[in-house]
Amino acid sequence: MPSPTSSSASVFSSHLFFVFCIFSQIAQSYAQFNRFFDPSIPEQETVLTDYDYNMIGHFRENDQWFVNDSAMYNPLRFEGDIANSGLNSRSINTFFGDSPLFGIFGVQRNAVRQTYLKWEQARIPYTISSQYSSYSRSKIAEAIEEYRKKTCIDFSPKSAGDLDYIHIVPDDGCYSLVGRIGGKQPVSLGDGCIQKGIIIHELMHAVGFFHEQSRADRDEYVKINWSNVEAGLQDQFDKYSLNMIDHLGTKYDYGSVMHYAPTAFSKNGKPTIEPIEKNVEIGQRAGFSENDIYKINMLYNCPTFTATTLAPENTKRVKSITKKVTSATGSPLSKKGEIGSSIGDKGDRGDNSVLSSLISIHSGLGKCEDRRKDCEFLARAGHCESRFSIRFMTENCANSCGKCIAEEKRKEVCEDARTWCERWANSGMCNQTVFKDYMRQKCAKSCNFC
């Protein structure tokens, strides 16, 4: 029979081990927490720097096709991660102007549908919370770089004149507003959200897109297992008419980064949404699919480009395709299950041409001058030449960056910023409304704009 002393020692050891386990879990959680963000740092609006972009390679990891994206499925938000005020399955018709009052004038056909408010000239001003760690900033920079390489969407640092902008902040989980709502609108990348694919997903909401499985034709492609859906959350799987969500001429995309994962809002861990097509999977968070890229460029009237699709590493999950996007009407109508990630022209979004800088200054928008008190400091730090901050510096610190030249000297630097400008000009793109602003910036010489 054990002595009272040994029994007490055993109980004490057990308690000590239990306390150790608790503190160990807390320490691990704290370490993980600080890897992504530190709430003890005062919240301030910052922008990404050259250092953040340079750290992409340092922190780069193999893109995971599927990740734990449970932070995207908040039952209190519309479709889990959409935070537009008052938006739900019952109010969405009014939200889109799809009511008898608005329908008389066909407003839903002109002002809304898939993105009811687009960002002007595809430029989305942004700020980022000071609470993010270097690792998180690099992952956000990596996602933004994907937009820069593959679309004409320009996430640019907020300037003093930008009233509407997104603020990327580590709030409660992952969420965004859809489209340009006005003012300072949050994009939350909190705990569980610092994955490139998840960041791309939330930013794509801000660009103006809803989820893929909300399409009117989704029942032809996926099956909803209602018996596995958490009670009271059935409306998170509603679908919406073409009056509200524009498919932009593309077929259903199983591989869209905007698609629900198989167990979204599951009450028992079993699939709530399953592909009808065999040998395909849904809910990937590695990055854009080809159709994601096409739809963004289609919606924002981006200039034509050639997209070469790379085969995914795991060919058992998806098939590979190669498409040439030749015009705004030539959509990649992929077959069921065919997805991929496109690589656009890497130079097409480069805003480091002298011509682009000069045009933005001499476009009649105001005097060529510094608009910030810290311009000289920023210029000395090299931000005038950085490809990541040159547009911001040109708009706000033109004088310190040496961009203020006499108007009569403008023609001396009139040039094309792209090698294919003459060919595009001969095709008539200089005078086409959807391309005119782009051609004015990149092909001023061929278009005789200077």
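Heads up, the Cβ atoms here are built off N, Cα and C, so glycines get one too.
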Inset, instruction - Tell me, from CYS21, CYS174, CYS193, CYS302, which cysteine Swiss-Prot puts in a disulphide with CYS152. - result: CYS302
Legend entry - Cysteine of CYS368, CYS375, CYS421 paired with CYS397 via disulfide, per Swiss-Prot: CYS375
Inset, instruction - Disulfide-wise, see what Swiss-Prot says CYS384 is paired with, picking from CYS401, CYS404. - result: CYS401
Inset, instruction - Based on the record in Swiss-Prot, give the one of CYS404, CYS430, CYS443 in a disulfide bond with CYS421. - result: CYS443
Legend entry - Recorded disulfide partner - CYS414, candidates CYS368, CYS447, CYS450, source Swiss-Prot: CYS450
Inset, instruction - Choose one of CYS368, CYS447: the cysteine that Swiss-Prot connects to CYS404 by a disulfide bond. - result: CYS368
Inset, instruction - Calculate the distance in Å between the alpha carbons (Cα) of ASN225 (N-linked glycosylation site) and GLU202 (active site), and round it to a whole number. - result: 25
Legend entry - For the domain 'ShKT 1' (368-404), the mean pLDDT of the predicted model: 77
Inset, instruction - List the Cα distance (Å, whole number) between CYS401 (disulfide bond) and CYS375 (disulfide bond). - result: 8
Inset, instruction - Measure from the CA atom of CYS414 (disulfide bond) to the CA atom of CYS368 (disulfide bond) and give the result in Å, rounded to a whole number. - result: 18
Legend entry - Cα-nearest neighbour of CYS414 (disulfide bond) within the listed recorded positions, HIS205, HIS211, CYS421, CYS447: CYS447
Inset, instruction - Just give the helix, strand and coil counts over the domain 'ShKT 1' (368-404), going by DSSP. - result: 13 helix, 2 strand, 22 coil
Legend entry - Secondary structure content, the domain 'ShKT 2' (414-450) (per DSSP, counts of residues): 19 helix, 2 strand, 16 coil
Legend entry - Whole-number Å value for how far GLU202 (active site) lies from CYS174 (disulfide bond) (Cα to Cα): 7
